[in-house]
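Visitor: Before I ask anything, here is the structure I am working with.
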């Protein structure tokens with residue numbers, strides 16, 4: 001038998017399967033989806049079996065054998081292997097990259113170099129004339145194989161000698177494959193099967209052996225195995241007392257594999273289904289019927305904030321579980337709050353696995369293993385949870401489906417919604433795309449034959465949407481208000497403080513000031529590696545680039561003209577926090593942005609403090625706009641609604657409308673009525689007006705007209721090609737060659753080729769960036785043509801190290 005293997009070498013030359021023999025001893029172990037160790041050239045690397053064959057077209061003498069299988073159970077299902085091949089073609093990435101993204105990082109191979117004596121050195125008992133060489137030979141001989149790093153640590157000045165010994169075939173280099181994380185093992189103390197024996201053992205013990213008697217009594221009361229560390233802690237005893245009983249063979253100690261549980265300290269109170277409103281019942285019945293019939297179907301669930309979408313999700317999942325099928329729930333990373341996890345865990349308990357970036361590598365690995373070993377039926381997670389290795393999926397839910405974070409920015413640049421659609425066909429599953437502000441593409445598709453439209457237009461329990469005040473900050477300035485808080489927002493903050501109610505303030509910009517400028521010569525302090533101004537962070541007194549991480553200390557003189565007339569322009573979350581404490585003495589503020597939520601558990605800590613009313617204001621970037629539900633929040637303030645609106649992107653208006661609508665939805669979700677203040681310099685913009693009126697249809701109609709005029713999605717598909725290099729002339733030439741290649745083919749599916757033009761951020765990490773944007777009608781022809789055009793540039797890429805990034809269906813044009 002032969003296996004076709006995709007090897008762990010992400011390059012164009014190796015982006016194809018290689019044939020390997022399956023040794024007789026591995027016949028029962030090698031399956032499609034298996035992770036295997038194979039020799040590739042001189043190296044031992046991992047690969048994935050994508051096909052099994054009885055015969056191979058390759059000369060048998062040239063075919064190597066699989067060395068061993070790396071997992072007891074294949075980490076990938078046959079369906080996921082097929083999906084990776086489709087992704088490679090659709091997103092123009094290497095197949096190994098598509099396979100790797102489906103697995104937890106713990107299974108990404110770690111290659112370690114080992115050194116051992118060659119057979120001739122060992123057998124002939126080789127003795128060198130060089131004393132250091134003899135010491136190295138003796139050291140390796142005593143250990144048989146030595147890790148390269150250990151050898152270099154032992155002989156720090158002998159790296160050249162070791163290299164010569166390898167070239168002289170005295171030593172040989174080999175490579176081992178290790179997982180980055182292994183399963184957690186603990187010592188378990190186990191009582192005898194016949195618990196009554198413990199009474200007999202107690203009689204044999206001396207009355208002075210108090211701790212041993214206490215241990216035996218514990219097992220009489222709790223006749224189950226327990227971790228050694230837990231037993232010691234509970235009884236406040238040393239392990240020596242326990243081991244004394246083990247030596248008597250009265251108790252046993254076993255090594256057991258356990259799952260790391262990130263929610264071990266949480267107590268989830270069992271919740272029960274809530275009674276539906278008439279609107280919810282209608283939506284539920286529409287979806288439930290299709291689940292019952294085991295048909296594949298796409299639904300858009302368009303429900304205003306607070307309309308009870310989550311309860312619909314929970315009850316449709318239960319319908320799916322009743323059929324003994326599995327469910328995947330995707331939530332944007334910033335919305336995957338402890339509140340959201342609690343709702344699912346409280347309803348489904350241990351049937352739920354959670355996958356998100358705030359878990360440790362080991363915790364993520366164990367949550368993934370629970371899915372693979374069929375110990376859970378529901379997974380809730382961020383984007384990559386779409387690849388959960390379920391084999392009987394009945395339902396896929398994508399909450400906040402409009403979120404750009406469902407599109408991966410690194411290779412493979414997949415969109416989770418596209419993967420969900422593909423998996424739903426393979427499993428005959430239902431897909432629910434839920435949002436209060438659906439993307440225009442999804443809304444447009446839901447009114448075609450390929451997707452059904454469902455609506456929840458009102459909040460549950462008759463609660464009304466909060467009134468919204470739009471404040472023109474130009475008028476505030478004319479009236480002499482030079483602060484960042486409009487007069488009405490200032491008044492409403494004071495009112496909420498007096499009432500002991502809570503507030504959410506949004507500014508989608510972290511840091512203290514957005515840029516620093518010299519008032520004498522106009523010089524703006526910029527990143528030396530990127531075409532972007534540096535942001536001032538007051539707590540560290542550093543200026544920082546949010547694109548490459550470059551930082552420099554605050555300077556009180558201009559580096560260009562040495563003037564001391566330096567001014568900090570713009571507003572970041574740090575500056576808002578400082579102003580709040582200045583204007584409202586005693587106000588308690590929690591700031592949530594990338595800078596304050598880097599530590600493990602910090603996200604949960606801040607939200608718990610706010611829930612427990614230990615703060616008056618939750619201030620932050622867009623992470624405070626979604627997924628939060630606090631009964632005491634009655635005021636939402638948007639400090640600057642224009643931060644997204646001014647981006648050079650055709651989706652800027654849509655993103656502004658979505659963000660304003662989502663954050664407005666945090667107010668008045670319970671008994672207390674809410675209020676919203678939006679501060680803007682563009683009060684007449686249709687995205688701001690529509691958001692203030694909670695009017696999605698009005699916004700959508702205007703935006704669709706704008707898109708139709710400019711021929712942007714949903715009226716076409718896009719492919720963004722970005723070229724980057726240190727030499728700007730080379731970039732322009734290469735971009736023009738690429739653009740002419742696409743135009744020359746005159747494909748009927750290609751509508752337009754824009755560029756090459758400088759990217760909105762024209763330099764990053766010392767590399768200039770130019771881009772071409774292709775508008776096309778869909779289908780494989782254009783994607784295949786882009787692939788051919790890139791292949792035609794391979795010689796240039798090889799000689800100049802020019803980089804090309806291809807983004808099919810881009811979410812950002814930056």
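Any Cβ shown, glycine's included, is placed from N, Cα and C.
The Zn(2+) 1 binding site feature in TrEMBL is assigned to 518, 521, 558, 561. Under the heading Zn(2+) 2 binding site, TrEMBL lists 527, 530, 545, 548. Taken from TrEMBL, the feature domain 'Helicase ATP-binding' covers 290-456. Annotated domain 'Helicase C-terminal' per TrEMBL: 542-719, in sequence order.
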Visitor: Looking at the binding-site residues 527, 545, 548, whose Cα is closest in space to that of residue 561 (Zn(2+) 1 binding site)?
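Guide: Going through 527, 545, 548 one by one, the closest to residue 561 (Zn(2+) 1 binding site) is 527.
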Visitor: Quick one: which residues besides 518, 521, 558, 561 have a Cβ within 8 Å of the Zn(2+) 1 site's Cβ centroid, in sequence order?
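Guide: Here the nearby residues are 519, 520, 522, 523, 559, 560, 562, 563, 565.
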Visitor: If you count the other Cβ atoms within 10 Å of each Cβ, which of the binding-site residues 518, 527, 530, 545, 558 comes out on top?
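Guide: It comes out as 527.
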Visitor: Out of the binding-site residues 527, 530, 545, give me the one sitting nearest to residue 521 (Zn(2+) 1 binding site) by CA distance.
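Guide: For residue 521 (Zn(2+) 1 binding site), the closest Cα among 527, 530, 545 is found at 527.
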Visitor: Translate the DSSP assignment of residue 545 (Zn(2+) 2 binding site) into the three-state scheme.
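Guide: Its secondary structure by DSSP: coil.
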Visitor: Could you check which of these binding-site residues, 527, 530, 545, sit within 10 Å of residue 518 (Zn(2+) 1 binding site), going Cα to Cα?
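Guide: Checking each Cα against residue 518 (Zn(2+) 1 binding site), there are no hits.
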Visitor: Quick check: which same-chain residues outside 527, 530, 545, 548 lie with their CB within 8 A of the centre of the Zn(2+) 2 site CB atoms?
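Guide: Here the non-site neighbours turn out to be 528, 529, 532, 534, 546, 547, 549, 550, 764, 765.
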Visitor: Count the Cβ atoms, other than its own, that fall within 10 Å of the Cβ of residue 548 (Zn(2+) 2 binding site), considering every protein chain shown.
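Guide: Here the count is 16.
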Visitor: Just how many other Cβ atoms lie inside 10 Å of the Cβ on residue 561 (Zn(2+) 1 binding site)?
Guide: 12
Visitor: Using a 10 Å cut-off, grab the number of neighbouring Cβ atoms around the Cβ of residue 521 (Zn(2+) 1 binding site), all chains included.
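Guide: 12, counting other Cβ atoms within 10 Å of residue 521 (Zn(2+) 1 binding site).
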